[in-house]
Amino acid sequence: MKLAVIPGDGIGVEVTAEALKVLRKLVPDLQTTEYDLGARRYNATGELLPDADLAAIREHDAILLGAIGDPSVTPGVLERGLLLNMRFALDHHVNLRPSQLYPGSKSPLAAQPDIDFVVVREGTEGPYTGNGGAIRVGTPHEIATEVSINTWFGAERVVRYAFALAQTRRKHVTLIHKTNVLSNAGAIWTRAVETVSAEYPDVETAYCHIDAATIYMVTDPSRFDVIVTDNLFGDIITDLAGAVTGGIGLAASGNIDASGTNPSMFEPVHGSAPDIAGQGIADPTAAILSAALLLRHLGRDGDAARIEAAVEADLASRGDSKVVTSEVGDRIAAAL
């Protein structure tokens, strides 16, 4: 297995090391190439995602990312120039966010049974395409626009991914949108679900407005199995999903090219946390679960399940003990 590794900034370096420690226990032939991308390189050279690095990354089976971001860089520079640029260049049109409440996780919904759902978020369209602008800036007549781009091609392929995933789970797909207001984009998403659902007669479907979905995610999260949604609503709902399942410190994600043309990228949802970087107290669990997600994407379901079981056991046994980054990685690797 050829793996491109982007440790990135802050605690990204530390948690990625633990994820690799776990991966190497299960993948003896793992070949890794590390890419220095993020704040350090940008501050040193002004480079964000050089063409040569992007071309080299394309040659790998998958990408493991730590975290990107540092106070020394203006907000938005790394996000747009590196993360979004890579997402578009590698056609990572599916953002996959599993949300499961593990025993021992600290959650406001710890008493809720059976919180286990997946959000399938469209990753390359919506209002994040940079289609917009502003005129008369700084005047009382300033006007700003952010155009949301939605295509049949983009929606249908993400919906199709969601239905295929639901087929392997509890066979239920919920579309989240705001079709009563965003009628044009909503029509595309609704038709995509109706069209694809005809090919999956045993998969049930449901619809929620985004505002109602936030209520249900807190009051009745077990109603969800696979959620499919657009880029903006997915961005919002996945952070809420992280909160109800123990916090984004436990949340893994995948940025996936479902066609397999480009390597998909897997990363913890949390940021670079520069305030605790270098102290060895960052929880690497989300990075380790991202490694499990990576293995499942590459067809190694058994290995992924072993990591997830080891994580579940580790979380259940921690109690109130303080997290030591390397010790978490050691325990989970030893359990394999």
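Glycine residues also receive a Cβ, built from the backbone N, Cα and C atoms like all the rest.
Worth saying up front: this structure is predicted, and the values here are computed from it rather than measured.
According to Swiss-Prot, the protein carries these features:
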| type | residues | note |
| --- | --- | --- |
| BINDING | Arg87, Arg97, Arg121, Asp211 | substrate binding site |
| SITE | Tyr128 | site 'Important for catalysis' |
| SITE | Lys178 | site 'Important for catalysis' |
| BINDING | Asp211, Asp235, Asp239 | Mg(2+) binding site |
| BINDING | Gly271, Ser272, Ala273, Pro274, Asp275, Ile276, Ala277, Gly278, Gln279, Gly280, Ile281, Ala282, Asp283 | NAD(+) binding site |
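Everything Swiss-Prot records as a feature, shown here on the structure.
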residue : record                         : DSSP (3 states)
Arg87   : substrate binding site         : helix
Arg121  : substrate binding site         : strand
Tyr128  : site 'Important for catalysis' : helix
Lys178  : site 'Important for catalysis' : coil
Asp211  : substrate binding site         : helix
Ala273  : NAD(+) binding site            : coil
Gln279  : NAD(+) binding site            : coil
Most distant Cα pair in Å, residues Arg87, Arg97, Arg121, Asp211 binding substrate: 27
From recorded positions Arg87, Arg97, Tyr128, the one whose Cα lies nearest Ile281 (NAD(+) binding site): Arg97
Arg97 (substrate binding site) versus recorded positions Lys178, Ala277, Asp283 - nearest by Cα: Asp283
Assigned element (helix, strand, coil) containing Arg97 (substrate binding site), judged by DSSP: strand
Listed recorded positions Tyr128, Lys178, Asp211, Asp235, Asp239, filtered to Cα within 10 Å of Gly271 (NAD(+) binding site): none
Which listed residue (Arg87, Arg121) has most other Cβ within 10 Å, given these are binding-site residues: Arg121
Neighbourhood of Asp235 (Mg(2+) binding site) by C-beta distance under 8 A, where only residues 6 or more apart in the same chain count: Arg121
